[in-house]
Amino acid sequence: MKDTLFSAPIEKLGDFTFDESVAEVFPDMIQRSVPGYSNIITAIGMLAARFVTSNSNVYDLGCSRGAGILSIRRNVDKTGVQIIGVDNSQPMVERCRRHLEAFHSAIPVNILCEDIRNVQIQNASMVVLNFTLQFLPPDDRLALLERIYNGLNPNGVLVLSEKFRFDDSHINELLIDLHHTFKRANGYSELEVSQKRTALENVMRTDTIEIHKTRLAQVGFSHTELWFQCFNFGSMIAIK
Ligand SMILES: Nc1ncnc2c1ncn2[C@@H]1O[C@H](C[S@+](CC[C@H]([NH3+])C(=O)[O-])CC(=O)[O-])[C@@H](O)[C@H]1O
Ligand SMILES: O=C(O)C(=O)Cc1ccccc1
């Protein structure tokens, strides 16, 4: 399904939410909106092949329709692995469960319709936050990362993908503009780009790469790095 949600003028533009209409078009929306998205999904599979250990749990927090889970499941060859996907949008969770059932796998997957702030994380070899932390209130981010750190086994990995902001306003504006050029090249109109930007203003609070790195170190991660960046989007790894 093609994303045309912001194509007509909207008189009272509310805050962006992950409702039924967004869930319906989500794969098209994220693919056309996030530079590097497919590369990151592929790399999550590669990281899973490397980091997931036997008899451990893998968490995809904010799993949407399960693209990350599928990539993980295709690449894990260990036994006794359980994948737990969490999303608090019921329309996403329904589609995620349906999508995963369409593929056969020996690895059990449990999709929870829950707030990621309330989910227990334990015996984890890998935790994925693929463009999810940016939707949590900034004051809740440290506590979530602490719980992730505590639930990870030694040498466990966190994959943290985010939209970033930059302290240098010249660079910040340039990268935002390049992102808009990317969206225009993917068929979104000026109106779609600007209405979506407004809808996201209150719900997506971006941090700088430095803030992310400092916070990851603060919760205890000994190794952190940005492994991918395209314009103002990127992905980091943190290893316990
Ligand atoms: N507090 C919360 N608790 C649970 N879920 C939440 C919360 N806040 C937001 N979400 C969920 O986090 C997801 C963010 S999308 C992730 C893409 C996916 N990882 C992908 O790789 O395709 C990113 C984007 O749309 O830019 C949505 O499905 C929300 O319902
Ligand atoms: O579309 C945008 O401008 C974004 O920042 C990415 C995005 C993708 C999907 C849902 C919300 C935000």
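Any Cβ shown, glycine's included, is placed from N, Cα and C.
According to TrEMBL, the protein carries these features:
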type    : residues                                                                 : note
BINDING : Tyr37, Gly62, Cys63, Ser64, Asp87, Asn88, Asp115, Ile116, Asn130, Arg197 : S-adenosyl-L-methionine binding site
DOMAIN  : 58-156                                                                   : domain 'Methyltransferase'
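With a CB cut-off of under 6 A applied against ligand 1, the binding-site residues Tyr37, Asp87, Asp115, Asn130 are reduced to Asp87, Asp115, Asn130. Maximum C-alpha to C-alpha distance over the listed S-adenosyl-L-methionine-binding residues Tyr37, Gly62, Cys63, Ser64, Asp87, Asn88, Asp115, Ile116, Asn130, Arg197 is 25 Å.
Sorting the binding-site residues Asp87, Asp115 by the number of other Cβ atoms within 10 Å puts Asp87 first.
Least packed by the Cβ count within 10 Å, out of the binding-site residues Tyr37, Cys63, Asn130, is Tyr37. DSSP assigns Asp115 (S-adenosyl-L-methionine binding site) to coil, not to a helix or a strand. Taken residue by residue, the domain 'Methyltransferase' (58-156) breaks down under DSSP into 41 helix, 27 strand, 31 coil. Mean pLDDT, taken over the domain 'Methyltransferase' (58-156), works out to 97 on the 0 to 100 scale.
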